[in-house]
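Inspection log for the structure reproduced underneath, given as structure tokens.
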């Protein structure tokens, strides 16, 4: 490492002398434009390779899980090369929804009933053409949980399915109540602390295919919900393993970060309007218990949660809700192998709130922390239209757990 630093300093000095010489030549000759462009390109490449492209930090609670990931999910130990012209957190976060493609995935929709009379929309990708698992009863099943206002149509969900389709697995996307176009039958939506709907979905899917390996993956709020479920239930779950991406570990820290002026302008206010739009669509269902007009005046996610979410789910205060919603406090109780990918520059999930010490105390948990990637960004390649680093981590981990998961118990 010291040798590399010395080489970079020497290269910088030589580059400085070169640029100075070229500028002098350019003033009295020609070609200064090309020389400057070449020089700055070399300088940028040196900076990128030395400061931006880095291997992720792998934090595990046990040596066995660490060795397992190194052997069967090597992407978590390889250098992550963010898109060279867009590696900053906000840039990655903003760009991904617009630049990544949306692969065609043919879903089969199913509406299931809940105990309170509501309904949940599930979108299935059965993968009936699977050459590896032709018997549907034993075909591995992966449950996907989208983010705060997301559905099965999100590009990151589509890419997770598309990239892994060749593995032959079956996928089912859990759409939260009222967001996927279905009618809201009861005055209740969703939040990341109440796991009742997720428990209903997991029970339903497992009852359909009890002999099939069953895994789950959650993105952003979907990951928070999944971790809260796993922390509550411990090892008594039909899930074999799980993965989360861009989880907000401490809801208070997330809210504080998103309320900073620039983050509020770029992300917070927009997401608040998305939440309000969903409420307004089903306004007639809430008028008896919620002051909807007051909710529609909220200017931040925190204000929305104070006026709507915390009230709907019976919390005395917004602080009570945010405490219960934070998955960091339940991580120690997770009883199955879980891989959690976060970027330390994610403004939705500040690095200081990532529970590194707690993860070290649970042999079932692995944190994969990249230096860059933003929130559900993880763009890579010159023109990042296709799969991301997150998609590759998902594919390798799911495949590792389904094909080699038995090795963990023997390590």
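Yeah, the Cβs are placed from backbone N, Cα and C, and that goes for glycine too.
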Range among 25-45, 46-66 that Swiss-Prot annotates as transmembrane segment: 25-45
Rounded to the nearest Å - Cα separation of residue 220 (active site, charge relay system) and residue 375 (active site, charge relay system): 8
Chain-internal residues, separated by at least six, CB under 8 A from residue 346 (active site, charge relay system): 89, 93, 246, 373, 374, 375
